[in-house]
Amino acid sequence: MGVKQAGGRRETMFPLRTVLIGTFAPALLFGVAIGVVLPLIPLSATRLGGSLAVAGFAAALMPVGRVLADVPAGLFAARVGDRRAMFVGALLGAVSACALAWAPGLWVLGAATLTMGTAIAVFNLARQSYLTEITPPAHRARVLSTLGGMHRVGYFVGPFLGAAVLIGNSMRPAYWLAAGCAFVSALVVLAVRAGTHPAREGQPAPPRAPVSLSSLLRRHRPLVMTLGVTTVLVGAVRGARTTVLPLWGEHLGLDAELISVIFGISGGLDMLLFYPSGKIMDRFGRLWIAVPSMLLLALSMVLLPAATTASTTAFVAVLLGIGNGLGSGLMMTLGADVAPADERSAFLGVWRLLQDCGDAVGPLIIAGGAAAGSLAAGIWVTGAMGLGAAAGLGRWVPRYSEHANRATRRRAGIAVG
């Protein structure tokens, strides 16, 4: 795939077959699998006798699994290669979905959800590291936003497909569908050979010295304590978003099919914005997307407790979808911007750990509100965290990313088109 450069010359954005078929297609299939599963886990928990608080905790186990696996996933990808790590992650996702289908009780449901989170960590880290390595910085946001978009397309399609195969009160057919999608994703990764960026053909890969977590954190402590903390807040709001719609729908007494449809509508709007978002970030800078997307997510969280019907819940779901869609690929792009080339996979493992810590905290805050007798209070807390995330992005992105806006690019000597 190519884009025009000055003087009419075309620069290849990435090796077409490897990325479109070997990375974007598996990401889409894996996204469908997760999209099928996400709205069903809280519902499965309540069907197995759990309360709303238990359902929220069960949903939180998926991001908790990601948190536990993020750093090991980075080290694993650095050791075996990004493509092999993608294959392992997709295969583990298929096994986890099978376990969810046969879960006889809450303990098995929780264990399978935790394992699914581990699979997501390995798959997502490997695909991000691979595309970061082979994509030029000038096109990074578009490529990574498209990658995020494939995941979002899966989130859009998955709930509708899951709702279509639900039979009565049994959610097992939907889980089998998720297992099949994840397995096919693994097969596609296995079938397509890895490629390199044409500009690097014939050049040896940069050496990857062993990296310890403690040394990595010491070297990047200022970044972790500022932009890293902001990343946790972003992850918390986004993580709450994936849990709050099913739980609020359950709170209102909506049936599983309708909740899946509302979740899918939100994912549809999320899906439509990924490429424009990436293009804006590449052309004008990351801040033009970072701050508006978080402000809209915060506003949506504040408004959700006022929704008392299916239609008003769907309206807030639309706002959530637009806000999240605007930020498609944002955190992957920022991670790629600040990752050191000689320890990229390990650093991105830490970066994803920060994001996924927030992703785990978000649903736990919602569950804590439900356990305390006020689901709305938990939602409002996440709205406040969204405001904090917007402020943090506005403050720290210009310090650490040369691509924050046109002014930072000019200071770094980067051509501004």
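Keep in mind that glycine also has a Cβ here, set from the backbone N, Cα and C atoms.
Annotation source TrEMBL lists domain 'Major facilitator superfamily (MFS) profile' at 19-401.
If you look up TrEMBL, you'll see 20-41 (among others) marked as transmembrane segment.
Among the features that TrEMBL reports, transmembrane segment is placed at 53-78 (among others).
What TrEMBL lists as transmembrane segment is 85-102 (among others). Long-range Cβ contacts of the transmembrane segment (85-102) within its own chain (Cβ-Cβ under 8 Å, at least 6 residues beyond either end) map to 23, 26, 29-30, 33-34, 37, 41, 44, 73, 76-77, 108-109, 111-113, 115-116, 118-127, 130, 172, 175-176, 178-180, 182-183, 185-186, 189-190.
Sequence annotations record features per position, and here TrEMBL assigns transmembrane segment to 147-168 (among others).
Long-range contacts of the transmembrane segment (174-192) within its own chain (CB-CB distance under 8 A, at least 6 residues past either end) are made by residues 17-18, 21-22, 25-27, 29-30, 32-34, 36-37, 40, 83, 86-87, 90-91, 93-95, 97-98, 100-101, 119, 158, 161-163, 165-166. Taken from TrEMBL, the feature transmembrane segment applies to 174-192 (among others).
According to TrEMBL, the feature transmembrane segment maps to 222-238 (among others). Listed by sequence, the residues of this chain that lie at least six past the ends of the transmembrane segment (222-238) yet keep a Cβ under 8 A from its Cβ atoms are 63, 294, 297-298, 301, 324, 327, 330-331, 334, 338, 350-351, 354-362, 365, 382-383, 385-386, 388-389, 392-393, 395-397, 399-400.
According to TrEMBL, the transmembrane segment annotation covers 258-275 (among others).
Per TrEMBL, transmembrane segment is recorded for 287-307 (among others).
Summarising the annotation, TrEMBL assigns transmembrane segment to 313-334 (among others). Within its own chain, the transmembrane segment (313-334) is flanked in space by residues 128, 132, 140-141, 144-149, 152, 227, 231, 234-235, 238, 241, 245, 248-249, 252, 254, 262-263, 265-274, 277-278, 281, 286, 289-290, 292-297, 299-301, 303-304, 307, 351, 355, 397, 401, which lie at least six positions past its ends and keep a Cβ under 8 Å from the stretch.
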